[in-house]
Amino acid sequence: MITFPNAKINLGLNIVEKRPDGYHNLETIFYPINLQDALEVTRRENNDKEYTLHISGSPLEGEPEDNLVVQAYKLLKKDYPGLLPVDIHMYKHIPAGAGLGGGSSDAACMIKLLNDKFSLGLSTERMEEYAVKLGADCAFFIRNKPVFATGIGNLFEPVELSLKGYHIILIKPDIFVSTRDAFAEIKPVRPAVSLKEIVKQPMETWKNSMKNDFEDSVFKKFPEIAAIKDELYDLGAVYAAMSGSGSSVYGIFKAPIENVEDKFCGCFCRQRALE
C-alpha cells in the first residue's frame, strides 16, 4: 500500500505570546501544496524485526528509529500489539528543514496508511489525537485542508480558502535555519487584524498586510534568503513569503514562469499548480 504525503506552506505567521512552559502561541494558516514524498508499507515476511525503514531520494540525517514514520508505527503498535511487522519504503522529495512540514506529513500519512492497511477502524478524530503526539502540526495532515492554526500550531479551525488557478514557485536554498534561534529573536506581538480576516481580502493586498514574523531575524542573518523573496516579486509574484521558520521561500503567481530553475541555481526549485 502506497501513499503520497504532501507539503504545506504557511500563509502568514504571527508569534502572539510566550507561554509559561517556554513555548510560543502563534497564529498562521496552513495550506497544502502538491509537493510530495512517497510512502509505501508492505507486510514484512520475516518476523525477526518489527520494522525496516528504507529511505531514498533526498538524504535525511538521524537514526531510523528517530524518524517520525517509525515513531508513528511504534505509537500505534503500543495500543495495537497485534500490528504486524512491516517494511517501510520512503522516497523523500520534500526538503527537510524547510518549514514545509515534510516529516510531519510523512508521520500523519503513516498513521492513515496503517489504519487502512490493517483495518484498525480509527476515526479521523482518533488519528488526529495520535498525530499530535508526534508533532504540533502533524494532525493538520490527517484532514489535509486549509486551516487557521493557533496554540503552538496544534489547534485548527477550518478556513474557506482556495488558491486554485494560481501557481506556486518554491525555493529552498542550501541554508539551515535553527528554529530555536529564530524563536529566540522574536518579540511576540498580537496582531491588530487576524489572518482569518486578511486572507478574505484580494491577494494583491497580502504583501502589505500578511507577514511572517520570523522573516525579520532570519533575513537579517541570511540576506540571501531575503534576496530570494525579492527575486520572486521581481518575477511577478502576487505574494511571496518564507514558510515557517525557513529556509524555504515561496511565490504565488497567476501563471507559470518559464525556465525558473535557471534563476535560482544551487537551490531546490519546484513549480506547481495550486489546488
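Cβ coordinates come from backbone N, Cα and C, glycine included.
Database features, via Swiss-Prot:
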ACT_SITE  LYS8  active site
BINDING   PRO95, ALA96, GLY97, ALA98, GLY99, LEU100, GLY101, GLY102, GLY103, SER104, SER105  ATP binding site
ACT_SITE  ASP137  active site
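Separating the Cα atoms of GLY97 (ATP binding site) and LYS8 (active site) is a whole-number distance of 13 Å. Taking the centre of the Cβ atoms of PRO95, ALA96, GLY97, ALA98, GLY99, LEU100, GLY101, GLY102, GLY103, SER104, SER105 as the ATP site, the nearby residues of that chain (Cβ within 8 Å, site residues left out) are ALA7, ILE94. Secondary structure from DSSP puts LYS8 (active site) in a beta strand. Here the Cβ of GLY99 (ATP binding site) has 27 other Cβ atoms within 10 Å, regardless of which shown protein chain they belong to. DSSP assigns GLY99 (ATP binding site) to coil in the three-state reduction, outside any helix or strand. The binding-site residues considered are GLY97, GLY101, GLY103; of these, GLY97 has the fewest other C-beta atoms within 10 angstroms of its C-beta. Among the recorded positions LYS8, PRO95, SER105, the residue whose Cβ has the fewest other Cβ atoms within 10 Å is PRO95.
Inclusion criterion for the binding-site residues PRO95, GLY99, GLY101, GLY103, SER105: a C-alpha placed within 10 angstroms of the C-alpha of LYS8 (active site); this criterion is met by GLY99, GLY101, SER105. Note: the CA-CA distance between PRO95 (ATP binding site) and ASP137 (active site) rounds to 17 Å. Separating the Cα atoms of ASP137 (active site) and GLY101 (ATP binding site) is a whole-number distance of 7 Å. SER105 (ATP binding site) falls within a helical segment according to DSSP. The Cβ neighbour count for ASP137 (active site), using a 10 Å radius and every protein chain shown, is 26.
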